[in-house]
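The active site, O-(5'-phospho-DNA)-tyrosine intermediate annotation in Swiss-Prot covers Tyr126 and rests on sequence analysis. Per Swiss-Prot, the feature Mg(2+) binding site maps to Glu219, Asp272; the stated evidence is similarity to another entry. Look at Swiss-Prot and you will find 24-169 tagged as domain 'Topo IIA-type catalytic'.
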Amino acid sequence: MAEAGVAAASLFGADRRLCSADILPPAEVRARIEVAVLNFLAALTDPAAPAISALPLISRGAANRGLRRALLRDDVSSVYLSYASCKRSLTRANDAKAFVRVWKVMEMCYKILGEGKLVTLRELFYTLLSESPTYFTCQRHVNQTVQDVVSLLRCTRQSLGIMASSRGALIGRLVVQGPEEEHVDCSILGPSGHAITGDLNVLSKLIFSSDARYIIVVEKDAIFQRLAEDRIYSHLPCILITAKGYPDLATRFILHRLSQTYPNMPIFALVDWNPAGLAILCTYKYGSISMGLESYRYACNVKWLGLRGDDLQLIPQSAYQELKPRDLQIAKSLLSSKFLQDKHRAELTLMLETGKRAEIEALYSHGFDFLGKYVARKIVQGDYI
């Protein structure tokens, strides 16, 4: 269990009001791992040293979270973690395995960086499962430990040699030029679109060319393909992007790059009217709590296009569904957060009061071509929050 405390000096850099993770070259990350090991060995050999479990991690608990609010209209708000620390203790039964996992993951990252390789979280899990099955019995152990290492070394996940496992795709009024000079015209692709690589190093080098006026983030692949099949971007100059569900890091990264390249191009989200849909929108908009040290690198000023409460009149009663226990859990978490803005909170409250949820596909009751018209009308009329 993490034990919160007042932050002391971290291994790398003075603690600040807003903690962050740095993008570092492999040699610097390996050097930080070496420093962590030397500090640990020094504590072992020094009889006057405090407990050897002094791993200065940043707490991801609710009390240590905050929202870096935008000061100007076009600025972006993002989730951040403050200075409160926590410990992984070798002497505490509940913490011992988590303590060992941190060193195991750092050892693996040191090796990966030395070989000049990149691995996914899934690949890392299976490697650790093979080498240390006692400590890594599920993917969650790896995911949480990687965030502990990010917290300890104050470097991004990509800097550790761990790349995103991307499901994302994009299509529309966009030409992408890769590092090898190849060009992809996303307006002439099939409805599956252009697959987004999980290598953030490659994504950071892409060159964009676009005459689009809008970016539309779509929760579901099926909706993305419907809009792509209808070629909505032919009459509504836009770029469509999807992570096919909960946003992965690579999709968030390329969306952020697009927002930086085209700062005057508004971003709209098309998600289901349920707590999970709102959670997805908030992840794009503010970043994720689990990656609080680097959330600001991927946050975008995303507007909620639909579905929203005002759209329920378009949906037949038979298309409504009851909220599920998982919906209620997500809603409770969102309502307790510090970043949920008033209009989003009102939508979530309406879901809970009615006990209902609705999916975007319910709009097909008006015909398959209605979805594109619905999206275009709401954008043109400024019907978003």
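Note that Cβ sites are derived from N, Cα and C of the backbone, with glycine treated the same way.
Compared over the binding-site residues Glu219, Asp272, the count of CB atoms lying within 10 A of a residue's CB peaks at Glu219.
Looking only at the domain 'Topo IIA-type catalytic' (24-169), the predicted model's pLDDT averages out at 80.
Put simply, Tyr126 (active site, O-(5'-phospho-DNA)-tyrosine intermediate) is 29 Å from Glu219 (Mg(2+) binding site) when counted between their Cα atoms. In the three-state DSSP assignment, the secondary structure recorded for Tyr126 (active site, O-(5'-phospho-DNA)-tyrosine intermediate) is helix.
Note: the Cα of Asp272 (Mg(2+) binding site) and the Cα of Tyr126 (active site, O-(5'-phospho-DNA)-tyrosine intermediate) are spaced 34 Å from each other. According to DSSP, Glu219 (Mg(2+) binding site) sits in a coil region rather than a helix or strand. Around Tyr126 (active site, O-(5'-phospho-DNA)-tyrosine intermediate), a 10 Å sphere centred on its CB holds 14 further CB atoms from the protein chains shown.
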